[in-house]
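Pulled from Swiss-Prot, these are the features on record:
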type	residues	note
BINDING	ASP34, ASP88, GLU160, GLU162	Mg(2+) 1 binding site
BINDING	ARG47, ARG72, GLU160, GLY245, ASP247	DNA binding site
BINDING	ASP181, ASP183, ASP247	Mg(2+) 2 binding site
COMPBIAS	392-401	compositional bias 'Polar residues'
COMPBIAS	406-425	compositional bias 'Basic and acidic residues'
COMPBIAS	426-436	compositional bias 'Acidic residues'
COMPBIAS	461-475	compositional bias 'Basic and acidic residues'
REGION	1-106	region 'N-domain'
REGION	124-267	region 'I-domain'
REGION	350-358	region 'Interaction with PCNA'
REGION	370-493	region 'Disordered'
Amino acid sequence: MGIKGLTKFIADAAPNAIKEIKIENLMGRVVAIDASMSLYQFIIAIRDSEQYGNLTNESGETTSHISGLMSRSIKLMENGLKPIYVFDGAPPELKGSELEKRGEKRQKAEELLKKAKEEGNLEEIKKQSGRTVRVTKKQNEEAKKLLTLMGIPVVEAPCEAESQCAFLTKYNLAHATATEDADALVFGTKILIRNLNANASSTSQNKNKNSSKRGYILTEINLEQVLKGLNLNMNEFIDFCILCGCDYCDTIKGIGSKTAYNLIKEYNSIEKIIENIDKNKYQIPSNFRFVEARDSFINPKVLSKEEIKIDWGEPKIEELKNFLIKDYNFNEVRVTNYINRLLKARKVTTQRRLDNFFTACTKKSTKLVNEESQIKKEVKPKRKGKKRDAPNDSSTKLNSKQNKKPKGEKESKTEKDDGDTHNGNDNEEEGGEGETADMGAKDPFDTEEDEDNPSVNFFHHKSDSESGNVKKESTEQEANATPTGDVYSFPNGKDASGSNIHLSSNSTLHSCNNLNGDKAINESMHVVGSSAPEAGNNEIGNGDLFTSNAADCVNNNTDKTQAEIEMKKKNISFLLPYCPKNVTSVKKRKSVQRC
């Protein structure tokens with residue numbers, strides 16, 4: 001059931017927290033999916049067109065869930081989304097009363113369904129058949145086996161799937177939770193995605209309005225914006241949801257979402273509401289277990305981050321064929337088509353989001369600034385503040401004024417090495433399908449760290465002091481200014497040259513300890529007003545993502561215009577790893593700094 005009336009209330013009271021997105025917006029994202037909810041939707045959606053019964057094999061076993069799960073998973077991957085399916089464990093004891101009520105409703109629906117079949121009322125048959133559906137343990141096990149054979153990760157929650165999904169987002173192992181149960185927000189999921197399985201199959205009799213010409217539309221709810229829009233902290237939000245009505249306890253009769261919100265705003269907690277409420281007007285249940293319900297939301301039974309294993313395995317093609325064709329009598333041609341789509345879809349997930357490709361231009365390190373200051377003292381420029389044509393040109397002029405110091409010879413060699421590196425990248429781009437640039441890129445489904453290919457190689461460029469690209473600043477004050485805005489550092493909060501990063505109070509440090517695949521997202525950090533960030537401050541903002549293979553955008557012919565649009569939105573200069581040839585500077589904006 002989730003939280004009664006929560007989505008509608010949020011839409012009215014905190015409209016900025018809800019927005020419509022297209023499935024394409026989730027490209028490159030890892031999404032934790034409530035598997036039981038998905039299977040339920042597939043069984044309802046994929047039915048016999050005449051009697052609205054489940055699809056079955058020759059033995060009479062239901063196959064709707066298998067067909068829907070396979071088709072939908074491939075479709076998600078074809079759009080670049082990386083799904084993790086989370087299955088329910090044992091239901092919590094507090095939910096016993098709610099489960100009994102659901103059982104009674106299902107029994108009543110079965111009686112009405114039987115009557116509708118006797119009367120031949122197809123509309124009533126369709127209505128009641130959906131209410132009698134339940135996902136069995138056997139169907140869950142079949143779904144797990146199918147996903148494993150497809151190479152898609154499965155997580156078995158010790159209790160509720162939506163709470164485990166929420167904690168996957170808290171652990172930064174997933175971007176969002178996909179479920180229709182709004183209580184995922186109460187468990188603390190950062191982002192909730194609804195309608196992910198809308199129009200689950202082309203065989204469904206009802207085309208969802210969201211699958212219109214304008215695209216496959218999803219609903220995204222952002223928890224941070226919910227709290228901001230309602231002006232509640234998380235504890236107040238949890239108590240508000242309990243008062244609205246949840247699965248874990250009864251609620252106070254006569255209190256709906258609007259009244260609950262007003263009471264929470266006035267008294268801040270359920271305890272104080274009970275103390276001050278008009279007992280004649282509102283009847284409090286004799287067994288109002290709100291304290292236990294609150295604890296279930298705050299401290300749910302979930303796997304810890306260390307206990308979770310996300311296994312992006314290779315598809316087991318032959319076993320998958322046998323499972324579908326021999327065990328469940330799927331058409332061989334149809335299965336072959338699914339497998340071909342699956343293999344192609346895995347390649348789509350290697351394409352990174354455009355905002356992953358661009359990273360804000362790295363600010364100069366203290367070490368580099370000091371070196372430049374020393375140069376300025378030794379060599380006075382002809383015109384103070386004169387704009388240099390390019391870093392290489394300026395460094396060449398400086399070296400000529402220093403009477404060919406030994407350092408200049410070393411720098412020339414470094415520049416040559418950099419040129420070779422780019423040539424090597426170009427050769428990789430010209431290679432066959434599936435080849436990647438030499439930057440430590442891995443199979444997107446491989447999450448293990450490559451010790452032989454440190455994450456720092458992702459950028460594959462040397463600091464200005466190492467490469468000879470020493471750039472003069474117009475004034476001494478500018479050269480020694482504390483960097484503000486977005487500062488991107490290498491491991492341990494250091495910059496490209498190995499010096500510590502010094503931040504202003506308005507700075508945000510992105511400490512990239514591991515830039516291989518999704519771990520880059522997991523280990524990115526926002527550290528505001530601190531020059532000594534600690535691991536664990538994992539607050540990921542929109543667009544603060546990285547790619548382990550910047551050449552993907554080049555290999556896939558990134559649209560120049562679209563790239564410039566994204567850059568204009570950020571209104572900053574960028575550092576482009578491997579400097580793609582088909583992306584140029586944005587006019588009337590700060591120029592793109594080449595590698």
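Using N, Cα and C of the backbone, Cβ positions are placed for all residues, glycine too.
Projection of Swiss-Prot feature records onto the structure.
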residue	record	DSSP class
ASP34	Mg(2+) 1 binding site	strand
ARG72	DNA binding site	helix
ASP88	Mg(2+) 1 binding site	coil
GLU160	Mg(2+) 1 binding site	coil
ASP181	Mg(2+) 2 binding site	coil
GLY245	DNA binding site	coil
Residue counts (helix, strand, coil, in that order) that DSSP gives for the region 'N-domain' (1-106): 55 helix, 20 strand, 31 coil
Local confidence of the prediction over the region 'N-domain' (1-106), expressed as mean pLDDT: 84
Residue counts (helix, strand, coil, in that order) that DSSP gives for the region 'I-domain' (124-267): 66 helix, 20 strand, 58 coil
ARG72, ASP181, ASP183, GLY245, ASP247 filtered to the binding-site residues whose C-alpha is within 10 Å of GLU162 (Mg(2+) 1 binding site): ASP181, ASP183
Distance from ASP181 (Mg(2+) 2 binding site) back to ASP88 (Mg(2+) 1 binding site), taken between C-alpha atoms, in Å: 13
Separation of alpha carbons, ARG72 (DNA binding site) and ASP34 (Mg(2+) 1 binding site) (Å): 13
ARG72, GLU160, ASP247 filtered to the binding-site residues whose C-alpha is within 10 Å of ASP183 (Mg(2+) 2 binding site): ASP247
Cβ-centroid neighbourhood (8 Å) of the Mg(2+) 1 site, ASP34, ASP88, GLU160, GLU162 excluded: SER36, MET37, VAL86, ALA157, ALA161, SER163, GLN164, CYS165, THR179, ASP181, ALA184
Sequence-distant neighbours of GLU160 (Mg(2+) 1 binding site) in its chain (C-beta under 8 A, six or more apart): ASP88, GLY89, PRO91, PRO92, PHE187, PRO300, LYS301
Cα distance (Å, whole number) from ASP181 (Mg(2+) 2 binding site) to ASP247 (DNA binding site): 11
For ASP88 (Mg(2+) 1 binding site), the number of other Cβ atoms found within 10 Å of its own Cβ: 20
Spatial separation of ASP181 (Mg(2+) 2 binding site) from ARG72 (DNA binding site) - C-alpha basis, Å: 19
Rounded Cα separation (Å) that holds between ASP181 (Mg(2+) 2 binding site) and GLY245 (DNA binding site): 13
Neighbour-count leader, CB within 10 A, binding-site residues: ASP34, GLU162, ASP181, ASP247: GLU162
